[in-house]
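Some notes on the structure that comes next.
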Amino acid sequence: MASENNGSRSDSESITAPKADSTVVEPRKIALITGITGQDGSYLTEFLLGKGYEVHGLIRRSSNFNTQRINHIYIDPHNVNKALMKLHYADLTDASSLRRWIDVIKPDEVYNLAAQSHVAVSFEIPDYTADVVATGALRLLEAVRSHTIDSGRTVKYYQAGSSEMFGSTPPPQSETTPFHPRSPYAASKCAAHWYTVNYREAYGLFACNGILFNHESPRRGENFVTRKITRALGRIKVGLQTKLFLGNLQASRDWGFAGDYVEAMWLMLQQEKPDDYVVATEEGHTVEEFLDVSFGYLGLNWKDYVEIDQRYFRPAEVDNLQGDASKAKEVLGWKPQVGFEKLVKMMVDEDLELAKREKVLVDAGYMDAKQQP
């Protein structure tokens, strides 16, 4: 699916004949997204395409494509007039690939969403997490800076931060709240945050940090607790699973809808001056509350199915994250549209339908459900 498009910017700009009133249509803005195949990347791509952008995504080469979240908007690049999303091979661990594609694509905006983003996994692979999340951001910032110097162009940069950076700092957490990271992932995100601030202050780069609190959707990875719950719930409802094993049910998070949060990313890069913003719903809910709403929605009692497994507790727990997004609301004019219960039910609906399709395959003998508890 990835394309090697080495054309200049003029090749990818919209070329529209003047209308009768001689008004010339402005060229399309071009965005470059790392992590385009992830939850946030897919929603941001949809959002930017809706704004008339041409979107380029950087994807890693692997043994199989992980593009299911963007397949519905992919158009073969040979269809030049309609293919406004293009994919290219690159990696945040490879500085030369980042610089090469920025020079080729000539983006107006760069959104760095790629990461090893699982907190628990970061304890297992801390070196890799730091290389991708922290040093990867530094490589991309340097590629953008070098490109702007050589080309004389202005490129706006968005860095995806995380509420995990606050760690054990008491809520509510705002842009002025001190960081106290409690995992290799969170520490790496702190480094990326300060690299972004440094490049803004030292080189005048238009660079923003979005400190996003937990944001979920039906596209959330199945190894994250919210999606793990709704995925298991769907399978339990149709008889494919009997147990769900979880860790700390009292952990409280500020959960929003990922589709809402990508608008805030874009709004940050439309301001006159770059700055950092917390993006959150300003509501806190525990994992147990998520279980109450999700299982209750399907008429089930979660206590009949959930068991606690110590392996899912982190070496250093983060108990309570709840954001103060007043700055984003005031400056950006942003506010969340999807509330907690609506979000949970949205995810349950999608995963129930997925489980029903899965059951058809299991009943037909095309899948084996025995690996589930």
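The backbone N, Cα and C atoms fix where each Cβ goes, and this holds for glycine too.
Worth saying up front: this structure is predicted, and the values here are computed from it rather than measured.
As annotated in Swiss-Prot, region 'Disordered' covers the listed stretch 1-21 rather than the other ranges in 1-21, 169-189.
In sequence order, Lys189, Asn214 are the binding-site residues from Lys189, Asn214, Glu222 with a C-alpha within 10 Å of the C-alpha of Ser162 (active site).
For the binding-site residues Leu113, Val225, the ranking by surrounding Cβ atoms (within 10 Å, all protein chains) places Leu113 first. DSSP assigns Val225 (substrate binding site) to a helical segment in the three-state reduction. In this structure the C-alpha atoms belonging to Gly35 (NADP(+) binding site) and Glu317 (substrate binding site) are separated by 26 Å.
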